[in-house]
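This report concerns only the one structure given below.
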Amino acid sequence: MDVTNIAALSGNLAVVGYGLAAVGPGIGVGLVVSKTIESIARQPELAAKLQVTMWLGIAFTEALALIGLATPFIFA
Amino acid sequence: MSKASSNLFTRVLKLGSALIGAIAVVGGLIGFLVAGIPGLTSALIGASLTLAFVTLTALSVWLGGKLPLGGFFGVVLGGWLVKIVGFALVIGALKGADFINGPVLFFTLVAAILGTLAVDSVLVLKARIPVIGD
């Protein structure tokens, strides 16, 4: 039986990994920031406290991005 | 940004830098024992990359906090975007270099990132930030 390819994928698969490492944390940071803006709009007097909490959220999300982008060092 | 928040960020930057310095020393030693000179340089590069990219986030929030709210989000999010693109470029440039040992660099980077996250979390939980500003 002949095998027919109806679609071919070429290129470096690591690029997909780079993309995924950017998409997840991007969504995470977007959610953290949107909720912070919403909270500051509701209670502006809490802005300083919310900014610090937001930074912690961003730091955790960013850790995923940095680790995801550095994976070529072990998976390559 | 209130004085309490500024104090928090000063402590975060100082303690985070000290921890990354300690991880660079330990990682460099382990890297040297495991892979020789490339292991040592990889550990030092991994630790310095973490120092640069993680402390930039804290710095952007700290400095952005002195601006109006729109400026704050502009500095924090714009800085984040530039940082991630810069990090991807640095990783792309380092990948495949002769003086790099991949696993040593990766695990030093992960250890430094997790360590600074722990320091950040503990300091934020302990911080007493008043609701009323200065």
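Placement of Cβ uses the backbone N, Cα and C atoms for every residue, glycine included.
As recorded in TrEMBL, the features of this protein are as follows:
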type	residues	note
TRANSMEM	B:12-37	transmembrane segment
TRANSMEM	B:43-64	transmembrane segment
TRANSMEM	B:71-92	transmembrane segment
TRANSMEM	B:104-125	transmembrane segment
Intrachain neighbours beyond the transmembrane segment (B:104-125), with Cβ under 8 angstroms and 6 or more residues off its ends: 8, 11-12, 15-16, 19-20, 23-24, 27, 30-31, 34-35, 38-39, 42-43, 45-47, 49-51, 54, 58, 94
Non-local residues, at least 6 beyond the ends, that sit with Cβ under 8 Å of the transmembrane segment (B:12-37): 43-44, 46-48, 50-51, 54-55, 58-59, 99, 101, 104, 107-108, 111-112, 115-116, 119-120, 123-124
Beyond the flanks of the transmembrane segment (B:71-92) by 6 or more, those residues with Cβ under 8 Å of it: 49, 53, 56-57, 60-61, 63-65
Non-local residues, at least 6 beyond the ends, that sit with Cβ under 8 Å of the transmembrane segment (B:43-64): 1, 5-6, 9, 12-13, 16-17, 20-21, 23-24, 27-28, 30-32, 71-76, 79-80, 83, 86-87, 90, 94, 100, 104-109, 112-113, 116, 120
